[in-house]
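Marked as site 'Important for catalytic activity' by Swiss-Prot on the basis of similarity to another entry: His25, His259. Look at Swiss-Prot and you will find His25, His259, Arg356, Ser383, His460, Asp468, Arg519 tagged as substrate binding site. If you look up Swiss-Prot, you'll see His65, Gly113, Pro114, Leu115, Gly155, Asn184, His259, Phe436 marked as thiamine diphosphate binding site. Look at Swiss-Prot and you will find Asp154, Asn184, Ile186 tagged as Mg(2+) binding site. Annotation source Swiss-Prot lists active site, proton donor at Glu410, citing similarity to another entry.
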Amino acid sequence: MDRKHLANAIRALSMDGVQKANSGHPGAPMGMADIAEVLWRGHLNHNPSNPEWADRDRFVLSNGHGSMLIYSLLHLSGYELSIDDLKNFRQLHSKTPGHPEYGYAPGIETTTGPLGQGITNAVGMAMAEKALAAQFNKEGHDIVDHFTYVFMGDGCLMEGISHEACSLAGTLGLGKLIAFWDDNGISIDGHVEGWFSDDTPKRFEAYGWHVIPAVDGHNAEAINAAIEAAKADPRPTLICTKTIIGFGSPNKSGSHDCHGAPLGAEEIAATRKELGWEHGPFEIPQEVYAEWSAKEAGAAKEAAWNEKFAAYEAAYPELAAEFKRRVNGELPAQWEEKANQIIADLQANPANIASRKASQNALEAFGKMLPEFMGGSADLAPSNLTMWSGSKSLEASDFSGNYIHYGVREFGMTAIMNGIALHGGFVPYGATFLMFMEYARNAMRMAALMKVQNIQVYTHDSIGLGEDGPTHQPVEQIASLRLTPNMSTWRPCDQVESAVAWKLAIERKDGPSALIFSRQNLAQQERTAEQVADIAKGGYILKDSDGKPELILIATGSEVELAVKAAEQLTAEGKKVRVVSMPATDAFDKQDAAYRESVLPSDVTARIAIEAGITDFWYKYVGFDGRIIGMTTFGESAPADQLFEMFGFTVENVVNTAKELLA
């Protein structure tokens, strides 16, 4: 059957889906249909009957607005995505949302739409493939051996994150990464030469990529030859495909008119005629389905891999068991009891250290049990303290390590980590100063949206970092992280809470965790075994009064010590004061009503929250009658102790505020 005819099935489904939804983007799917046909029918190793097959090739549609392209491909190839699912494009509770979303349609490897993040996730997937291969493959046993393919448009390349990711991909020599640039010269505003005149091939050559320029994106032979050349090269490859947006539309192709709106009934009829597609809306002939189906070939490919894995298992039983455990995302045997023992030992051996140092100690203790750790930092390892004795850096020539030097690329780092998590086999953690999570915010939001594990270590968490001043002092960042749905945010007060936060982040497979640590030393608090167990609840009674409290002090992180000292003074003066440490408000909010009431009794309305961050967040815990000692402005450049005094983080101020409140 004519290959153009098979590609036209994508074009027909794409324009029909967008038309029925009365919204969407037909241009990119119609322009990239020929490339997709060659890649998916000739090269992509996948099994529609098992989208989770560990050694499948990964395909990422970075220009996610062209989602009807991937939905059409999944449907035609034989995934569980019906023609009715395609008719439900962009409708409530459908498997085909406006942008591809991980966890909806089978075969969607990542959520894309925010441009540039798909290619960055793909870099993470390719890094995971290369690292897993280095850790598990043995001579004659290549059980990890797959490619990561990406489609991306001009918008992805204009986004700064594409520079961060593609630069690192070149440095690390990710030869199994193959990207197709949909060079159609059109964006929403029109022809891109007015705002995007980069020499893209030279840009990627400068990154150390293999670049194949000027490929006719509508010529199957040229596309196929480019893919063959890409697969044979040890460098990551950019295939520059010249395409016509909206290919086949007589009056709208080649213009921004077909980028982000339905073609309209008349134009669709004219396009069908132009393409020689004689079938009605959403109608695909059986013989076209037969040519497209990847079920038989995919099952055979997976069966062949299963045979390879059985031979590997016979030769290396322990490694094979470990591979299965890691790919399934399971924690090692006895994880729970060993981790709890580590935490108990910390409580029994007090240390007044910075929580960033406590974090490093937790990495040291837990890292020995977790070969799946893949750490990193955005060029701040000596400050974030993210390296431990078992850390080994990844290098282009040796990927057997477990630590990535991301360079100063916070956004790239975080989105790469999403790709590593999506690929499987690793528990990724990365780090920067809390202030610079701002650069990475959208990638953390994507982790929360996709429900993937992404552990961020954010150090230097307040005005407590001192002299570097307000450019580096976070104020509103902690609150903004807490406000993000499905984000777990921890601000521990000492080494014990820090270790608990790490343990829970490692166990949390259905969303990201932000672990927030101090630069300055923090005093360790006394606790019973029951109190240690209650840390996991996110908020607990750390110090209590004799009898019912008349005042509750709620604090996090570096301010817990302050709350305890103020409570001691108030208690000495005859006041009944309870101190609540609340390292994770999201965890506390998930506790049942009885527990929350036991910690914060509703009839005790005299409450003060103390945190060196924005004040507004805390009203939900102290009420309108309560008080908040926090930040209402940006910080200043000065030694930390002077700043804490200036902004009211003193025992004297807490005591005076309490007396005013109780009066």
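Note: Cβ is positioned from N, Cα and C throughout, glycine not excepted.
Keep in mind the model is a prediction, meaning the values are calculated, not measured.
Overlay of Swiss-Prot feature records on the structure.
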residue: His25; record: site 'Important for catalytic activity'; DSSP (3 states): coil
residue: Pro114; record: thiamine diphosphate binding site; DSSP (3 states): coil
residue: Asp154; record: Mg(2+) binding site; DSSP (3 states): helix
residue: Ile186; record: Mg(2+) binding site; DSSP (3 states): strand
residue: His259; record: substrate binding site; DSSP (3 states): coil
residue: Arg356; record: substrate binding site; DSSP (3 states): helix
residue: Phe436; record: thiamine diphosphate binding site; DSSP (3 states): helix
residue: Asp468; record: substrate binding site; DSSP (3 states): helix
residue: Arg519; record: substrate binding site; DSSP (3 states): coil
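Other Cβ atoms within 10 Å of the Cβ of Asn184 (thiamine diphosphate binding site) number 25 in total over all chains. Taking the Cβ of Ile186 (Mg(2+) binding site) as reference, residues of its chain lying under 8 Å away and at least six apart in sequence are, in sequence order, Gly27, Asp154, Val192, Ile245, Gly254, Ser255, His256, His259. Put simply, Pro114 is the one of the recorded positions His25, His65, Gly113, Pro114 whose Cα lies nearest to the Cα of Arg519 (substrate binding site). Cα spacing between Leu115 (thiamine diphosphate binding site) and His25 (site 'Important for catalytic activity'): 14 Å, rounded to the nearest whole number. Only His25, from the recorded positions His25, Ser383, His460, place their Cα within 10 Å of the Cα belonging to His65 (thiamine diphosphate binding site). Separation of the C-alpha atoms of Asn184 (thiamine diphosphate binding site) and the residue listed as 'active site, proton donor': 30 Å, rounded to the nearest whole number. What surrounds the Mg(2+) site, by Cβ distance within 8 Å of the Cβ centroid and not counting Asp154, Asn184, Ile186, is the set Gly153, Asp182, Asp183, Gly185, Ser187, Val192, Ile245, His259 from the same chain.
The number of other Cβ atoms within 10 Å of the Cβ belonging to His460 (substrate binding site), over all protein chains shown, comes to 26. Ranked by Cα separation from Arg356 (substrate binding site), the recorded positions Gly113, Glu410, Phe436 are led by Phe436. According to DSSP, His460 (substrate binding site) sits in a coil region rather than a helix or strand. When the alpha carbons of Phe436 (thiamine diphosphate binding site) and His25 (site 'Important for catalytic activity') are compared, the span between them is 34 angstrom.
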